[in-house]
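Since the structure comes first, as structure tokens, the remarks are kept for the end.
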Amino acid sequence: MEETYKDRTSLVKGAKDIAKEVKRQAVKKVNKAVDKAQDGYTQRSYSRFQDEEDDDDYYVQGGNYGVEANDDEGSSEATEGHDEDDEIYEGEYQGIPNMGQGKDGMVALGQPMHDEYKDRHELETERKADEEELAQQYELIIQECGHGRFQWALFFVLGMALMADGVEVFVVGFVLPSAETDMCIPNSGSGWLGSIVYLGMMVGAFFWGGLADKVGRRQSLLICMSVNGFFAFLSSFVQGYGFFLFCRLFSGFGIGGAVPIVFSYFSEVLAREKRGEHLSWLCMFWMIGGIYASAMAWAIIPHYGWSFSMGSAYQFHSWRVFVIVCALPCVSSVVALTFMPESPRFLLEVGKHDEAWMILKQIHDTNMRARGQPEKVFTVNRIKTPKQIDELIEIESDTGTWYRRCFVRIRTELYGIWLTFMRCFNYPVKDNTIKLTAVWFTLSFGYYGLSVWFPDVIKHLQSDEYASRVKHFRNEEVSHFVFNFTLENQIHSNGEYINDRFIMMKFKSVTFEDSLFKNCVFEDITSLNTYFRNCTFINTTFYNTDLEQYKFVDSELINCTFFHIRTGCQISFDDDYSAYWIYFVNFLGTLAVLPGNIVSALLMDRIGRLTMLGGSMVLSGISCFFLWFGTSESMMIGMLCLYNGLTISAWNSLDVITVELYPTDRRATGFGFLNALCKAAAVLGNLIFGSLVGITKAIPILLASTVLVCGGLVGLRLPDTRTQVLM
């Protein structure tokens, strides 16, 4: 009987063991299925869950993230400590929760909740935590990579792109008087050239900055610089003023992306202790671009002999050669950029871990070989990548044609850029964006407004001096005389010219008022700022002249004949008294920036960004009052050099602060928006200050001084980023 009882007990025990083993095997299979469906949590997420479990003194069945599960183990960790006779064990798989359970339903076996069960706020919270950890880890990685050959190579490549931006700003002012002369642009239309370029740069800065946060720094910079180079080159060949404006508009649109992308790109390969100094050194290329443009304009444009023409319809003068030469930095940067990698920080931000790791290893190996330490190994194996949040994109059903697909793609990208821009006004960067907006606007308004005002004032002083030397001739009576010499800076009133011949002459700033020309001949005449007001012409012949209809103001022509009238402006720049001065003044003003650049680079990390920004803007505002005493050309040039030297430190520190205050996923977008605002303020400053030239000095001086001082005080309220890692 005992044996029967023992056999029965053994049989029951064996059955229970078999049942338990079946359950264990079923649990293991379900665990494997759940693990395969699980999103790729990184090591930090695993550690976080393990730490939480260790603190609560329980273990998650099948949740050994650090090591593989032991298939030979007889019992699972979740059932450890329970009575073998229990039919249902706490922590065992109890079935897949149905969809009605919603987000709060527990995922099987205590696994972390699936992303589809989480709302967007939870996902963004996890992503923010991941980004904070990535910021600290990335700083350590960049320090391990060191600062060396790779950063210096990228420094010069991006410097060429920044140099192209400086050239684009200066080329407008240098080409403007030349284009006015060559295309006979009236004064009412000449201002469009400067405004249209800034308009293109404003739109381009916002668009390319946003695109750089979507597709990458390198790719966006390549495209925008290519657009700039193509249209800048094309603009040198077009003849019509309207088409020339169109080309310069798109040239400005392309170069608008250079500044936000260049600074975002370079800051992401610099360690914290190097960032302020080397971003300031990078700013010097903008100054070099201005010096390059000034020197080329001085050397090329006045040499009007460097030209050819195909009839009177197509003329290629020296200023067009200057436009081609100014496109060379842009072309050089495009070629060099093809050999540079994408920003590894951007790649990590979008979840491309392997590509980022390879680039960081390339940076490390390049710098170590340059130091003579090729044997040093890149020790980083795994880098934190933030959780990627899928964006739902609504695609229209009617996308069968290629142009519909392109339209949907463009609309989607633009909408993504807009969403990224709106995030610049979310916590915690909202306050910083508002303060930066005020600082960028005030600095740009004051700087560009006065930068345009200075040359115009100098030119106005020259014009006043030139006008003070005008000669007046009244009640002349000249008959049977041959004029074959140059008439310059003269006013002839109430004259009578009978049977006179004007042959192979140049009229420069000559005005005839209430005069009579009878039986006269005008042959081979070239004129500049020459007008006939309320004059009468009787039986007069015009042969091979540029005296077009608009030069006869309220004049009467009786039985007059015109042969071979030349269209366009034929005056050479050797006769333009102010051309050399304009280029020389801009050259000196740009060269005066050099000391400020050096000082800001050396002191950026020592005295801090905020001290330099606020101090530079306040001092610049104070220096504006010295303009009150500028009564001569030399004094105005000296004031221009002082003003430029003081403001450059503010620009450098503002560039550094801007890239450090925005996180990586909004850095180029935020910088692009602020740079676009900068161009809008520049256009506004040009219009306001330009309209006051020759009227009053008080308003421009007080206006510029006020906005600069106020902007500097706002800048002092920004957070100090000197000791922070790149967000």
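Cβ atoms are placed via backbone N, Cα and C, with glycine included.
Annotated features, as they stand in TrEMBL:
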- 37-85: region 'Disordered' (REGION)
- 152-177: transmembrane segment (TRANSMEM)
- 154-722: domain 'Major facilitator superfamily (MFS) profile' (DOMAIN)
- 189-208: transmembrane segment (TRANSMEM)
- 220-237: transmembrane segment (TRANSMEM)
- 243-267: transmembrane segment (TRANSMEM)
- 279-301: transmembrane segment (TRANSMEM)
- 321-340: transmembrane segment (TRANSMEM)
- 436-454: transmembrane segment (TRANSMEM)
- 580-603: transmembrane segment (TRANSMEM)
- 610-629: transmembrane segment (TRANSMEM)
- 635-659: transmembrane segment (TRANSMEM)
- 671-692: transmembrane segment (TRANSMEM)
- 698-718: transmembrane segment (TRANSMEM)
Chain residues in Cβ proximity to the transmembrane segment (220-237) (below 8 Å; excluding those fewer than six residues from its ends, i.e. six or more beyond): 161, 164, 168, 204, 208, 211-212, 244, 247-248, 250-258, 261-262, 265, 316, 320-321, 323-324, 326-327, 330-331, 333-334, 337-338, 668
Candidate ranges 152-177, 243-267, 610-629, 671-692 - greatest C-beta contact count to the transmembrane segment (321-340) (under 8 angstroms): 152-177
Residues from the same chain, set at least six apart from the ends of the transmembrane segment (436-454), whose C-beta lies under 8 A from its own: 173, 194, 585, 589, 613, 617, 620-621, 624, 636, 639-640, 643-644, 647, 650-651, 654, 657-658, 661, 670, 674-675, 677-679, 681-682, 684-686, 688-690, 692-693, 700, 703-705, 707-708, 710-712, 714-715, 718
Intrachain residues whose Cβ lies under 8 Å of the transmembrane segment (580-603), provided they are six or more past its termini: 170, 173-174, 177, 277, 280-281, 283-284, 287, 290-291, 293-295, 297-298, 301-302, 451, 454-455, 458-459, 462, 612, 616, 633, 637, 640-642, 644-649, 652-653
Maximum Cβ pairs under 8 Å to the transmembrane segment (152-177) - stretch from the list 243-267, 610-629, 698-718: 243-267
For the transmembrane segment (698-718), distant same-chain residues with Cβ under 8 A (at least six beyond the ends): 432, 435-436, 438-439, 441-443, 445-446, 449-450, 453, 610, 613-618, 620-622, 624-625, 627-628, 650, 654, 657, 661, 688-689, 692
Within-chain partners of the transmembrane segment (243-267) [C-beta distance under 8 Å, separation at least 6 from its ends]: 154-155, 158, 161-162, 164-165, 168, 172, 179, 183, 192-193, 196-209, 211-212, 217-218, 220-221, 224-232, 234-235, 275, 278-279, 282, 330, 343, 655, 658-660, 667-668, 671-672, 674-676, 679, 726
PLDDT averaged over every residue in the domain 'Major facilitator superfamily (MFS) profile' (154-722): 82
